[in-house]
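Going by TrEMBL, these are the annotated features:
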DOMAIN    62-165  domain 'Phosphoribosyltransferase'
BINDING   Arg105, Glu129, Asp130, Val131, Val132, Thr133, Thr134, Gly135, Lys136, Ser137  5-phospho-alpha-D-ribose 1-diphosphate binding site
BINDING   Thr133, Arg161  orotate binding site
Amino acid sequence: MQDNNQQKNKENRTLELLRQSEAMLEGHFLLSSGRHSDRYFQCARLLQYPDRAAEALAPVVAALKEEIAAGRLAIDLVVGPAIGGIIVAYELARQLGLPALFTERDDTGAMTLRRGFEIQQGQRILIAEDVVTTGKSSEESAAVLEQLGGQVVALACVVDRRAPDAQVRWPIFPACKVSVANWDAADCALCKQQIPYVKPGSRKFIT
Ligand SMILES: [Zn+2]
């Protein structure tokens, strides 16, 4: 119970930091998945403040260190899918004393590891994201990293806003969990009210 309360307080603090930074937007949004939603997270607005980034991710580091100390987890490096995962990976790696790399999309949209970054055979990798919605970009990065001989062991993020049925295949360490109303475009409650939508931070825009 004590642990649950502590976890809840930490999550509330992350939400508070997101609100303070205007990183949690409310309105009508077209997500990169094609679905519509009533909230959108622009974590870059939180991560622009290094002290807030450090504070928001501290509970994630604490949870990871607990698993590491218990012998249930080992991590050699942190990899964030660009752009959203770069600062998250860097800050987690800084607090964990590990290197941070990033994957990025090439001109065809395929996820790649470039810039001379290398993965050693068997290296245990923590994937770091700003927001996890479906886990798709983590999966795409994992495919690249595993092809290079790495082993993805866990996923960390600032906001876990997955639908209950969106599973990921690794243990997930979120700074906060938020449920967001979202709909198929054809079935969107906000479209039915003729509220225009905006398309923030989609993959096409983040290049
Ligand atoms: Zn809509």
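All positions are counted from 1 along the displayed chain.
Just so you know, glycine gets a Cβ as well, placed from its N, Cα and C.
Note that TrEMBL annotation is computational and uncurated.
The 10 Å shell around the Cβ of Lys136 (5-phospho-alpha-D-ribose 1-diphosphate binding site) contains 15 further Cβ atoms across the protein chains shown. Restricting the average to the domain 'Phosphoribosyltransferase' (62-165) gives a pLDDT of 96. DSSP places the residues of the domain 'Phosphoribosyltransferase' (62-165) in helix, strand and coil in these numbers: 33 helix, 32 strand, 39 coil.
The Cβ of Thr134 has fewer other Cβ atoms within 10 Å than any other of the binding-site residues Thr133, Thr134. If you compare every pair of Cα atoms in Arg105, Glu129, Asp130, Val131, Val132, Thr133, Thr134, Gly135, Lys136, Ser137, the residues listed for 5-phospho-alpha-D-ribose 1-diphosphate, the longest distance is 18 angstrom. On a Cα basis, Arg161 (orotate binding site) lies 6 Å away from Val132 (5-phospho-alpha-D-ribose 1-diphosphate binding site). Distance noted between the C-alpha atoms of Arg161 (orotate binding site) and Arg105 (5-phospho-alpha-D-ribose 1-diphosphate binding site) is 23 Å. The two recorded residues Arg105 (5-phospho-alpha-D-ribose 1-diphosphate binding site) and Thr133 (orotate binding site) have their Cα atoms spaced 18 Å from each other.
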